[in-house]
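**Student:** Here's the feature list from Swiss-Prot:
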- Leu340, Pro341, Cys342, Gly343, Ala344, Gly345, Lys346, Ser347, Arg642, Arg645: ATP binding site (BINDING)
- 1-11: compositional bias 'Basic and acidic residues' (COMPBIAS)
- 21-30: compositional bias 'Acidic residues' (COMPBIAS)
- 218-236: compositional bias 'Polar residues' (COMPBIAS)
- 327-488: domain 'Helicase ATP-binding' (DOMAIN)
- 542-702: domain 'Helicase C-terminal' (DOMAIN)
- Ser686: phosphoserine (MOD_RES)
- Ser751: phosphoserine (MOD_RES)
- 441-444: motif 'DEVH box' (MOTIF)
Amino acid sequence: MGKRDRADRDKKKSRKRHYEDEEDDEEDAPGNDPQEAVPSAAGKQVDESGTKVDEYGAKDYRLQMPLKDDHTSRPLWVAPDGHIFLEAFSPVYKYAQDFLVAIAEPVCRPTHVHEYKLTAYSLYAAVSVGLQTSDITEYLRKLSKTGVPDGIMQFIKLCTVSYGKVKLVLKHNRYFVESCHPDVIQHLLQDPVIRECRLRNSEGEATELITETFTSKSAISKTAESSGGPSTSRVTDPQGKSDIPMDLFDFYEQMDKDEEEEEETQTVSFEVKQEMIEELQKRCIHLEYPLLAEYDFRNDSVNPDINIDLKPTAVLRPYQEKSLRKMFGNGRARSGVIVLPCGAGKSLVGVTAACTVRKRCLVLGNSAVSVEQWKAQFKMWSTIDDSQICRFTSDAKDKPIGCSVAISTYSMLGHTTKRSWEAERVMEWLKTQEWGLMILDEVHTIPAKMFRRVLTIVQAHCKLGLTATLVREDDKIVDLNFLIGPKLYEANWMELQNNGYIAKVQCAEVWCPMSPEFYREYVAIKTKKRILLYTMNPNKFRACQFLIKFHERRNDKIIVFADNVFALKEYAIRLNKPYIYGPTSQGERMQILQNFKHNPKINTIFISKVGDTSFDLPEANVLIQISSHGGSRRQEAQRLGRVLRAKKGMVAEEYNAFFYSLVSQDTQEMAYSTKRQRFLVDQGYSFKVITKLAGMEEEDLAFSTKEEQQQLLQKVLAATDLDAEEEVVAGEFGSRSSQASRRFGTMSSMSGADDTVYMEYHSSRSKAPSKHVHPLFKRFRK
């Protein structure tokens, strides 16, 4: 019996990923196993057996990685565990980086040495943009300072041998299974299920195999600026050519030619039944030949072209152009994800993609504010008429007659309860349309099951995901690879900053000592009120007030972020500054934001977590964070993005934007702060620790006396546990707000004077260890 219990527990642990998702409250629908949509090779890892580890945990690769004679001229170290290290000071860094971004996931990219990791998904992405198995292995051998380990070669072959060899192409509204490898087509046709999916003529005979030769050329033309190589990469030193081995030099020249030349490709294809597409995809995955979806939009004569083009004023930056060339590399549209920093112009990439495809386009954002901003971006960068844009939110439901671009939110499409009559009509219209392109903004925020629902409601030939932070605190991010497509491009934040495309930001963590009275209560209290105590720390308030005064004297525009509404109101009201949070009406929000943008007297605004992703404030150049959402790396990066937009007319200084995170010393907040910074540190940012703000004693600041601090403490202690809760943003997925909380009250409250009831808790009973707890509920016991 004990063995069976142990086996059950092991099985539950292996499935834990599908249950424990912090950002998804929905129950698993029967038959929706995510593993059905993932080839078995995707779960493979690089074999590390045989690697020696010293007493400090460092790996000793000296025997496995003998150096080449000309190793100083080659930029890569390829470790047996799949990690690749790139010397950013190498004269051939430009080419090596472009290659690594295509085949591996960036792990950490500081100034001098960058770290990447080979994964099954990154290799799938490499194959999807046209790289062959032999290309990847040959390039790695040429670039590596040492011999490439056999385990790495086997891993690359395992992950790329079958992926990308078969494509599902839509031409003239007919579906074809296409491949450059005739033997693969013959292998698939031997399977009875695939033979059943093949289209038959009126006599019941299978249609003939179609052999075609076509010339593939990118749908995005190369500009003069980017034709000499991406400006976001370092230029090769002409003096350094003599240091480059001849095989590398010849190879780089060939790479440049291959990118510029048109390529002739011979393909073999057969037509399949449209109603059996889903069954065909599942069967191909089972046979380890997952179908890569491509949309031949130029030859789609069934769906009408829409009247949309880029305005002459819309000039693409080199990295934007490069990301789109990955999407439209062979004259067709590939589905996938493009990762660009906040403020680097993701919207222009989306608008350009819509102008290239020129078919009906559906844009999905995560809030009503982002819907309005997408509409403004389409009008700013493209020639589309206002009447052709249709919004579908709870507040704005434009009539879809003659609509070419529809903009909505994930929650509107994924809504399962009863809708109004008007909303039902718009939903019916959305379902019946055949969309050429679907743009998914902030694609990392929505869990896999929500995507499945949205993707089954509307049909689109091509899906483009846009995000700045391809990270989640759970491991659901990998599901995007097969729900949308592989990662097509990821920009290097530091290079964009050095080239002036995004602001140069000074990141600082300001340590604020806890006042003795506040710290005494912090140690004694075990409830959520501890959060209020370290957020309302008087020394943190004084530091915030000092930084606001300092930057206002420089005529800077300042945003102060607070996840806690109690703290947000206290800070803003005491400092006499406007604030925006969930219940603030749309009209008041727009009024505050317009004043912040154009009124020289309004230089500081306070915003709750509603401003993390939806507010576009290019004027802001200082951000102060007084409270945050635990250790969320994503939120830290999104907030930094509020001040990342390139600054116009700023004084030429080393830094032109500032990001301050105020942290109460010796509290849980310090551990959270370290976790939050991991993503930005991996992008190459460094956080300066400030323990004392120079000139703070000379300023006239609030809470300078013990009496004032004591009054503030009493106010915090009188607050309820509900006040310590973070704000729950309407329409936010996975928000779990507790329906009840334990709090102190007066005797009149307990007798029903303010609609509360008296309850008792048995602490010993709640602390009793529970047996055989299902993994789904374990996190509630933490």
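Using N, Cα and C of the backbone, Cβ positions are placed for all residues, glycine too.
A quick note: this is a predicted structure, and the numbers were derived from the prediction, not measured.
Tell me what's around each of these sites.
**Tutor:** Every protein chain shown contributes to the tally, and the Cβ of Ala344 (ATP binding site) ends up with 24 other Cβ atoms within 10 Å.
The Cβ neighbour count for Ser686 (phosphoserine), using a 10 Å radius and every protein chain shown, is 12.
Remote same-chain residues near the motif 'DEVH box' (441-444) are listed as 337, 346, 350, 363-366, 370, 374, 465-467, 469-472, 477, 480, 484, 613, 634 (criterion: CB distance under 8 Å, separation of at least six residues from the stretch ends).
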**Student:** Least buried of the binding-site residues Lys346, Arg642, going by other Cβ atoms within 10 Å?
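**Tutor:** With the binding-site residues Lys346, Arg642, fewest surrounding Cβ atoms within 10 Å: Lys346.
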**Student:** Using a 10 Å radius around each Cβ and counting other Cβ atoms from all shown chains, which of the binding-site residues Leu340, Cys342 yields the largest count?
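**Tutor:** Comparing the binding-site residues Leu340, Cys342, the most crowded Cβ belongs to Leu340.
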**Student:** Would you list, in sequence order, the residues of this chain other than Leu340, Pro341, Cys342, Gly343, Ala344, Gly345, Lys346, Ser347, Arg642, Arg645 that have their CB within 8 A of the centroid of the site's CB atoms, where the site is the one recorded for ATP?
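**Tutor:** The answer, listed by sequence position, is Ala468, Ile502, Gly641, Leu644.
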**Student:** In whole Å, how far does the CA atom of Ala344 (ATP binding site) lie from that of Ser686 (phosphoserine)?
**Tutor:** 20
**Student:** Cα-Cα, whole number of Å: Ser686 (phosphoserine) versus Lys346 (ATP binding site)?
**Tutor:** 24
**Student:** Based on DSSP, name the secondary structure state of Leu340 (ATP binding site): helix, strand or coil.
**Tutor:** coil
**Student:** How many Å separate the two farthest-apart Cα atoms among the ATP-binding residues Leu340, Pro341, Cys342, Gly343, Ala344, Gly345, Lys346, Ser347, Arg642, Arg645?
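**Tutor:** Max span of the ATP binding residues, Cα based, is 15 Å.
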